[in-house]
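> Below you will find the structure I want to go over with you.
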Amino acid sequence: MAELTALESLIEMGFPRGRAEKALALTGNQGIEAAMDWLMEHEDDPDVDEPLETPLGHVLGREPTPSEQVGPEGPGTAAGESRPVLTEEERQEQTKRMLELVAQKQREREEREEREALEREKQRRRQGQELSAARQRLQEDEMRRAAEERRREKAEELAARQRVREKIQRDKAERAKKYGGSVGSQPSPPVTEPGPVPSSPSQEPPTKREYDQCRIQVRLPDGTSLTQTFRAREQLAAVRLYVELHRGEEPGGGQDPVQLLSGFPRRAFSEADMERPLQELGLVPSAVLIVAKKCPS
């Protein structure tokens, strides 16, 4: 049975003549399958229908080979070479084979695109799981810091009560020594649970307190605020990370970088400040920060 030329076969399958000739030329006339692979790979190229500027056979002064010579019947047919004429039945059979080949190539392409889409979805899920794990770790840190803060406050309250009791006992002993008699011989008023200790001339001046916790309130651009307790030696970058994880999604789905400002005195914290501890930046024991969108550099 006589065969269609590669160019005629491509045209029979519905490809434009110019595009089919370009595919055959760029694949070195290696057959219809190679040309179809090129057509399917470059079907979305903006210049796919532009003709070749230089014939393939004359690149670098090379004479075209017999397989590259183009005769009146199309690529691969030398001028003057006769070719058997296909009957209608043979033409339909060959066209059918070519269409089956096109369908196979299309299925392979769809399977490849499906695999790529599945891989992208897996990557998206992995990123979501990593973000969820980061949020979980942050919540656990917050709960641990809150528990430590409660224990510290309770210990300070017990210590303050003990200091009040000791001061009462010292005062009683001093009065007994001054007026004579023993402490036990004088009736003592009922001891009630003391409130705040009043200041007295004999009381020692308070010493400067060292804080190991810092309470930060962050005001967001939409008017809401976030409040969180951090360790005094934590870096300012921890506050920025907390804000980025809790400020919520912005319109459009994007998350712009943020810049932290102090309200009074007015100050914009730089990237170098992010590595400094909160205690060194003067944010202990409490501070109010303002979030502003960071201008792109």
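If you go along the chain as it appears here, the first residue is 1 and each next one adds 1.
Every residue gets a Cβ built from N, Cα and C, even glycine.
What TrEMBL shows for this protein is this:
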- 42-52: compositional bias 'Acidic residues' (COMPBIAS)
- 86-122: compositional bias 'Basic and acidic residues' (COMPBIAS)
- 137-177: compositional bias 'Basic and acidic residues' (COMPBIAS)
- 187-199: compositional bias 'Pro residues' (COMPBIAS)
- 1-42: domain 'UBA' (DOMAIN)
- 209-291: domain 'UBX' (DOMAIN)
- 41-213: region 'Disordered' (REGION)
> Quick one: mean pLDDT on the domain 'UBA' (1-42)?
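Mean model confidence (pLDDT) across the domain 'UBA' (1-42) is 81.
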> On the DSSP side of things, how many residues of the compositional bias 'Basic and acidic residues' (137-177) fall into helix, strand and coil, could you say?
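Taking the compositional bias 'Basic and acidic residues' (137-177) as a whole: 41 helix, 0 strand, 0 coil.
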